[in-house]
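Annotated features in TrEMBL:
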| type | residues | note |
| --- | --- | --- |
| TRANSMEM | 20-42 | transmembrane segment |
| TRANSMEM | 63-84 | transmembrane segment |
| TRANSMEM | 104-127 | transmembrane segment |
| DOMAIN | 160-264 | domain 'CAAX prenyl protease 2/Lysostaphin resistance protein A-like' |
| TRANSMEM | 174-202 | transmembrane segment |
| TRANSMEM | 223-245 | transmembrane segment |
| TRANSMEM | 251-269 | transmembrane segment |
| TRANSMEM | 276-294 | transmembrane segment |
Amino acid sequence: MATPAGLGPASPPAIPGAAAVAPAAVAACAAMAVSYVAFLYAPTVVLRLPPPTSLRAFLHRRFACAAVASTASALATAALLRVWSLGDFADMLAVFGVRKDHLLQAVVIPLLLTSLVYAGSFVNRLWLLASSWGRDGDEVGVSCAQRLVLWIQAAVDDVMVWRNYVVAPFTEELVFRACMIPLLLCGGFKMSTIIFLSPVFFSLAHLNHLFELQQQGCNFMRSLLIVGVQLGYTVIFGWYAAFLFIRTGNLLSPIVAHVFCNMMGLPVFSSPRTKGVASVAFLAGSICFFWLLFPATSPELYNTRLDRCRCWHGFCNWK
């Protein structure tokens with residue numbers, strides 16, 4: 001395989017026996033998106049189990065459903081691509097971007113790159129922290145340390161923390177990036193097309209929020225507005241996550257970005273209390289983000305060599 005240029009290798013993915021064609025690949029991805037959501041509602045709609053009695057029980061059930069959906073998608077992808085023809089188990093996992101090499105780069109570089117978009121958010125939070133220090137003096141340092149310990153203890157026991165920072169990022173990235181992108185690549189789609197196409201499936205999987213908001217008593221127009229904003233955000237993030245996965249060939253990269261974005265929420269564009277500093281920081285951070293986007297995700301940083309590779313992304317650490 002020739003050395004890749006641009007987004008990745010110019011030649012087709014080199015997975016032995018991959019026979020998926022474009023319509024079949026799209027159909028498989030659509031089925032995975034639908035099944036991921038369907039599994040979440042299966043206990044009450046299909047199995048007719050009684051509704052959970054608490055939020056914790058409800059989310060624990062959702063966690064189990066998401067795990068089953070992710071496993072089913074991974075097995076379906078493995079069957080469609082016949083990954084067992086690669087022979088070695090490590091090579092099979094590499095098709096899904098599960099690799100043990102270059103782990104530090106796969107975690108640290110995407111994390112730092114993603115944080116640039118949140119420069120305004122960091123300024124806003126630091127401004128609030130500095131204001132608190134000015135009012136409360138040395139006691140703030142003690143209270144901050146105590147609050148950090150309490151926050152960690154509460155986070156470990158908080159089921160929403162597990163949902164937002166563990167289960168959702170890992171299962172969604174496995175299905176919507178690790179399973180779908182190799183299928184689309186082997187279906188003959190160009191990498192640039194996949195980056196903009198795959199988030200469509202990711203967004204479709206969030207349409208169930210419209211139904212849930214309606215069940216909670218929210219009126220239709222307000223629900224539509226909320227879900228519309230969510231879909232717009234998921235599409236933008238989906239572009240970025242797909243780009244990271246394709247460029248690095250490592251599933252950890254989009255997972256780290258997903259967790260970080262869930263923690264930070266929407267970036268702060270401006271804040272009256274910072275007197276414009278947050279806006280300047282956001283603008284500067286965004287410019288740096290786009291300036292470093294390709295250099296920071298260069299395949300050379302995440303792979304020992306870029307040719308003679310049997311993995312879909314065209315990059316590997318074989319010698």
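Each residue, glycine too, has its Cβ placed from N, Cα and C.
When Cβ-Cβ distances below 8 Å are used as the criterion, the transmembrane segment (276-294) is approached by residues 113, 116-124, 127, 243, 267-270 of the same chain, each at least six residues removed from its ends. Note on the domain 'CAAX prenyl protease 2/Lysostaphin resistance protein A-like' (160-264): DSSP counts are 91 helix, 0 strand, 14 coil. Same-chain neighbours of the transmembrane segment (104-127): 240, 244, 248, 250, 252-254, 256-257, 260-261, 264-265, 267-271, 273-274, 277-279, 281-282, 284-286, 288-289, 292-293, 296-297, 301-302, counting only residues six or more beyond its ends whose CB sits under 8 Å from a CB of the stretch.
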